[in-house]
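Here's the structure, in structure tokens; my notes come after.
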Amino acid sequence: MPEPKKPGAKGQKVEAPPADKPAEDDEGRDELPEDEHVPGEEPQMSQISGLLVEKPQSVTAIKGKNVTFVAKVDSSQMLRKPTMKWLKGKWMDLGSKAGKHLQFKETYDRNTKIYTYEMTIVKVVDGDAGGYRCEVTSKDKCDSSTFEISVEAAEETQQTNILEAFKRSGDAGEDAGELDFSGLLKKRERKQKEEPEIDVDVWEILKDAKPCDYEKIAFEYGITDLRGMLKRLKKMKKVEPKKSDAFLKKLDPAYSVEKGKRIQLNVELADPNAQVKWLRNGQEIKPSAKYIFESVGGIRKLTINKCTLADDAAYECVVGEEKSFTEVFVQEPPVTITKMLDDVHVVVGEKVEFEVEVSDEGANVKWMKDGVELSRDGKYRFKKDGKKHWLIINEATTEDIGTYYVYTSGGESKGELDVEEKELEVLQSIADLTLKAAEQAVFKCEVSDEKVTGKWLKDGVEVIPSNRIKMTHTGRTHKLVIDDVKPEDAGDYTFVPDGYALSLSAKLNFLEIKIDYVPRQEPPKIHLDTTGSFVNKNTIIVVAGNKLRFDVDITGEPPPTVSWKKGDTEISEAEGRVRVETRKNLSCFVIEGAERSDEGLYHITVTNPAGEDKADVMVKIVDVPDPPENVKCTGVGEDSASVQWDPPKFDGGVPVKGYLMERKKKGSSRWTKLNFDIYESTTYEAKKMIEGVLYEMRVFAVNGIGMSQPSASSKPFMPIAPTSEPTRLTVDDVTDGTCALKWLPPERIGAGGIDGYIIEYCVEGATEWVQANETPVEKNSYRVRGLPVGEKMLFRVTAVNIAGRSPPAVMAQAVTIREIVERPKIRLPRQLRTKYIKRVGEKVNLVIPFQGKPRPVVTWLKDGAPLDTGLVNIRTSDVDTILFIRQAAREHSGQYTLSVQIENMEDKVNLEIQIVDKPGPPIAITVTDVWGFNAALEWKPPKDNGNCEIIGYTIQKADLKTKEWFTVLEHNRRPSCTVSDLVMGNEYTFRVFSENICGMSDDAGISKNTAVISKTGLQQNLQPYKEKDTSSSPKFITPLVDRSVIAGYSAAISCAVRGFPKPKIIWMKNKMIIGEDPKYLMQNNQGVLTLNIRKPSLFDGGKYTCKAVNALGEDEVECKLEVRVITEKEAAKK
């Protein structure tokens, strides 16, 4: 690897010389051969169009520092903007890795029409080393350039001045603090972790592993360049290809496709008629619009349309027991920013919106401020609509000033936020006051911001609130109220808003009046008007939410002081929801938006020097009632349901008149009213419902004020009716103490289904029914146990489901509980009424049912003797007996007798079982006569006939010269035959096979003597055959022809060759051997050679050579292939 030049400083941009001035090679650089390239680096693409006017250069980067690569594209001859891709290795698209570590920038110069593309790697790490490539495309033009990054560790600077190593702690100066000798400690250089060398054993493991395990093995052995590993592994597999009986051409180890594009996987089979299965992550793929299967001869194709990230998986093609594996990588295109951020200028408290637009609707973006990622913490909100994204700050403050960034996988943008302080406006200033003693002083001002607080000052000293001096802040209004003004209250009063350089001032002047007369005094009096809002004496009713204003006339001299209290709490005259407004001879009690908490007894007290008066007023708040509670379903029918609820806890102060009900189906949002007239009861039966459908109910309470909120929905319930009664209840069996019953399901079951059955019994004449089973039984039969012997019993069966029990099915007549005697009877199956034949080694399993009560005694005999249970297995139940032989043998043949006996009653049957096998060979095979072209044979039957009749013989002959056997007769039933059409001059021997129902014998009987067919007439002496030598060196009889093809359309070039032995064919492009590249398909049909090129591109043009080689020599032909791109004019003509 040549040593590239190092950049001068951190962050320095690395630029290459223009394309027309190639950089000079460094000294000592070894040139690579034409057919090789730098490991880890793809061969540079042909510069067909020369779009790149400035290319990035290879560099050696310092670890931890930044490095920038620059590429410039001339767009003066382009109709549209070019597309730039930065790649690492063979196909890793770096656009999807954009972020803090990788940053991309794009600029355009309108004067020179040059696009400048920059890629910056921030803080280089060891993993950034390797080969890189930039590709630029624009319609039918393309260009690329490769470069490489080497990473070196940062050099440690040596401490040259040892005195500088002495430091003193603290910041006071040279002589302050203690000496710190840590600077003299020896620094150890950290050794860089060398990448582990790939051991040969690792490649042996990879060659035997499945493609889906490549990534796991690479991680385990520390291989970081997965793409380079796959490329090297592919070359290794070319050297030692693994032979496959089913596949002529397997899948490549890996494929790469961009998201949204189409990809095609191809295999070639040895058997064109073989069936294949395609698997994805082990699951079989079915044909669909997305997955298309194609079969052309021995080629099988799988096409995946519109690839998504879910298609990034391991794929297999299975033919019989053989499999071909591959892995598909789906690359997600980088998301770019189409509309950049704008700078925003707002005032404190205003709403801020940063808007950006990206290239993909499903893309995610990352917002950052001054290098810190923003999250949803209440201050920031993120909004997304299609391709547009917003960052929203509801109320801006000065702390939000800064630079905001938005990042995508393929770009970034930034915007500045500037927040100005909001000016405070004075809507109403305070005014000077001149007051007399005992009067009230009110200073009032209004500012533009209701959140602003402030202080009140008197002659520059802050005013302290007391019982006489009160300060209030309501909305934008600030008040200072001084009751019972005194001479010392005179002075300058100032209001100063917090945080603003602003102040409002006014003066309070005290007017002193001397009184030389004695004023008239009159005791205070409260005059309540009971004809207005009063329902009864001193009681006012107010609807919740309404406003109450109650005016009380007051008389007295001097004017009395009014006090309103609720309990011990005094109601102030300050502004608020509950307040008191005092005027001359009038006191107004005001409640804005009455609430339940306002209800109670209020006390009015008026006082002056002449006396005191009191009165009480009762305020009652009425409202709509609370919602009803505990709505629940208490019972269901086939199309109805009973619903019950509790009255509301609070009736609103007015009696509840009734209720309104609604219902809906579960999962629906549409409620249906059940009654329009008020329903007074707390139980209701809803009708006209659909059986088997889940419903929910809710209830509204109604009083004189209005209707309450709806109650909580009831638990879902389903109208279900019990089933009809079971049918055809009968007695199946009766024994001492038990009775077996059976029945059929009900005729009408309904949506509730059947959970089981309940069986009950009682003594005839009694009325008490006893349940026989604790839990419902699911079967349609049941045996009732523990019944009294000799009693007559009645039985009934009831079906049970979620709606309850059905009507019972009752037995029409009573059943007497006693044992019933039934004669034994064997019911021999039809196939056992004749001889039962089985082959040796087969399984024998005979089930013979019988009947009889009580349970009969079963006995087996063989040939009149007791059956040996060591040879034959016997299993007997209440209703049948089973004879079982695991592997039949000859000794199992014979006559079997089955006896079923109850007391002195008995039934017998005989079974004939015959176990057969293949026969032995015939014996004493003799050629008894030979005449002309015929021979007569005779033999004796075999000693072992396989325990069955011989049904024929098969005769074969063989010439002693060739010793090949040919069948001359089959199924010959007699122990003799005549063989005809023998060849004169040959000597024959014969063999015979015997045959029975099991087949032919394994061995044959050989004839003791032979049959010689004598020659007659003249003999011809033939000359020995001399084979002609057809060996020849390869010679092309049809050459290759120069061709011009259109890019994107498959093409083929052909020639013909002859030669013996069959020559080896080698295809080359530009003198480079074409290997197992999936782009090329090479065929050889009886010497006609064809090279198929799938969808050629501009890079596939060049000189192609076909070379034929055998042991006698070699020959070659060549042609030129031109690939041209169809222009818009040519396309329009077509």
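Note: Cβ is positioned from N, Cα and C throughout, glycine not excepted.
Annotation comment: TrEMBL describes 1-47 as region 'Disordered'. According to TrEMBL, the compositional bias 'Acidic residues' annotation covers 23-34. The domain 'Ig-like' annotation in TrEMBL covers 43-150, 241-336, 422-494, 524-620, 824-910, 1034-1122. Annotation source TrEMBL lists domain 'Fibronectin type-III' at 627-723, 725-820, 921-1016.
Of the recorded ranges 43-150, 241-336, 627-723, 725-820, 824-910, the domain 'Fibronectin type-III' (921-1016) has the largest number of C-beta contacts under 8 angstroms with 824-910. Residues belonging to the domain 'Ig-like' (824-910) score a mean pLDDT of 88 in the model. Each residue of the domain 'Ig-like' (1034-1122) gets a DSSP state, and the totals for helix, strand and coil are 3 helix, 58 strand, 28 coil.
Counting residues of the domain 'Ig-like' (422-494) by DSSP class, helix then strand then coil, yields 3 helix, 37 strand, 33 coil. Across the domain 'Fibronectin type-III' (627-723), DSSP classifies residues as 0 helix, 42 strand, 55 coil.
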